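Going by Swiss-Prot, these are the annotated features:
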- Cys139, Cys142, Cys196, Cys199: Zn(2+) 1 binding site (BINDING)
- Cys156, Cys159, Cys182, Cys185: Zn(2+) 2 binding site (BINDING)
- 5-69: domain 'J' (DOMAIN)
- 139-146: repeat 'CXXCXGXG motif' (REPEAT)
- 156-163: repeat 'CXXCXGXG motif' (REPEAT)
- 182-189: repeat 'CXXCXGXG motif' (REPEAT)
- 196-203: repeat 'CXXCXGXG motif' (REPEAT)
- 126-208: zinc finger (ZN_FING)
Amino acid sequence: MAKRDYYEVLGLDKSASAQDIKRAYRKLARQYHPDINQEADAADKFKEIGEAYEVLSDEQKRAQYDRFGFEGANQFGGGGDFQGGFGDIFDMFFGGGGRRQDPNAPRRGEDYQYVVDLDFMESVTGKTETIELEIEVECDTCMGSGAKPGTKPETCNRCGGSGVETVEQNTILGRMVNQRPCSQCHGSGKTIKEKCPTCHGSGHVKKKQTVEVKIPAGIDNGQQIRLSGKGGPGVNGGPAGDLYVVVRVRAHEIFERVDQHIAMDMPITFAQAALGAEIEVPTVHGNVSLKVPAGTQTGSKFRLRGKGMPSVRGGANGDQYVSVIVMTPKNMTDRQKELLREFEEISGESGVEEEHGMFQKMKKFFSH
């Protein structure tokens, strides 16, 4: 049977965040765990869910899968048979290693992700971006306990505060004893009789927060900035998560970034190429003069040192590489044609292919 798309398996689309992927896996793995779900195909579905999570939860594997599909994922050992045991889902919930995690122990908050779109020139100069986020913060009414002021959470009388309950099942292999999240306290180890009227027992409320992000000059498409402690609130006094700002840089009409360097095509006239000329070339740092020697051919490259992208680490700028395109004249007068034929007779030179309308792009750029 053909494999299903990993995003489809988890019920997500390709824009899903790491948190979305983790939440979807937890929900589905709990639903189809063979020790809980007795349907005939539960084990196969659990295996499929685990395989999808193994690839999509790894940034490198996910990038390869997004680009090349299953073959790309296989390059990094993913996309094959899921090797996780049936106990793995409980390890995820309770810490693994044969020991359950204390549900009352401090836990770090979730990381958040935010995408910022920049123009190409903004990535050159850097900028300060103000972003508005809706994040979860500790409820001021109950101070994060989830209980009505004047009351407090109580130890769950079903699991005794452990957060798990023991379930016995009759299977073809005999009676099996398994542990699962407590059905009464949902793994927290506590119950709340009178919930906080503000947060309704969650201990957190959503709040809009403005964050200033300093984007350094020279940042590249896909790079991210980490803001420590700006993510989701911690649990039971644990530290807050982090905010990751992912930068997307829009393409430029003329410039193309190659690592820390910039490449561009520069059209020149037939006469400039043949006789040589001093031309004005645009760079991200302003226009500069470039001497084109006589006899320059299409494809000739010139290097402008230090005219590339700044370094985000504060080092030297990259360079700019200029590729010359010799433009074939068109709409010539009779006199021009006559002189060109005379030139051809003298030199035996043949015509060159016409290039596309680069002059229009350059004209537009210089007019800004």
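Even glycines carry a Cβ here, placed using N, Cα and C.
Using the rule of three or more Cβ pairs under 8 Å, pairs at least 6 apart in sequence, the repeat 'CXXCXGXG motif' (196-203) is not in contact with the repeat 'CXXCXGXG motif' (156-163). For Cys159 (Zn(2+) 2 binding site), the number of other Cβ atoms no farther than 10 Å from its own Cβ, over all displayed protein chains, is 23. Cys159 (Zn(2+) 2 binding site) sits 25 Å from Cys199 (Zn(2+) 1 binding site), taking the CA atoms of both as reference points. For the binding-site residues given as Cys142, Cys199, the lowest number of other CB atoms within 10 Å of the residue's CB is seen at Cys199. Residues Cys139, Cys142, Cys196, Cys199 make up the record's Zn(2+) 1 site, and a Cβ search at 8 Å around their centroid adds Asp140, Thr141, Met143, Gly144, Ser145, Gly146, Ala147, Lys195, Pro197, Thr198, His200, Gly201, Ser202, Gly203, His204, Val205 from the same chain. Separating the Cα atoms of Cys156 (Zn(2+) 2 binding site) and Cys196 (Zn(2+) 1 binding site) is a whole-number distance of 18 Å. Contacts of Cys182 (Zn(2+) 2 binding site) defined by a Cβ separation under 8 A and a same-chain sequence distance of 6+ are given as Cys156, Arg158, Cys159, Ser162, Gly163, Val164, Glu165, Ser188, Gly189, in order along the sequence. The binding-site residues listed here (Cys139, Cys142, Cys196) include no residue with a Cα within 10 A of the Cα of Cys185 (Zn(2+) 2 binding site). Under DSSP, the residues of the zinc finger (126-208) split into helix, strand and coil as follows: 0 helix, 39 strand, 44 coil.
Around Cys185 (Zn(2+) 2 binding site), a 10 Å sphere centred on its CB holds 24 further CB atoms from the protein chains shown. Same-chain residues that are not part of Cys156, Cys159, Cys182, Cys185 yet have a Cβ within 8 Å of the Cβ center of the Zn(2+) 2 site turn out to be Asn157, Arg158, Gly160, Gly161, Ser162, Gly163, Val164, Glu165, Ser183, Gln184, His186, Gly187, Ser188, Gly189, Lys190, Thr191. For the domain 'J' (5-69), DSSP puts the residue distribution at 44 helix, 0 strand, 21 coil.
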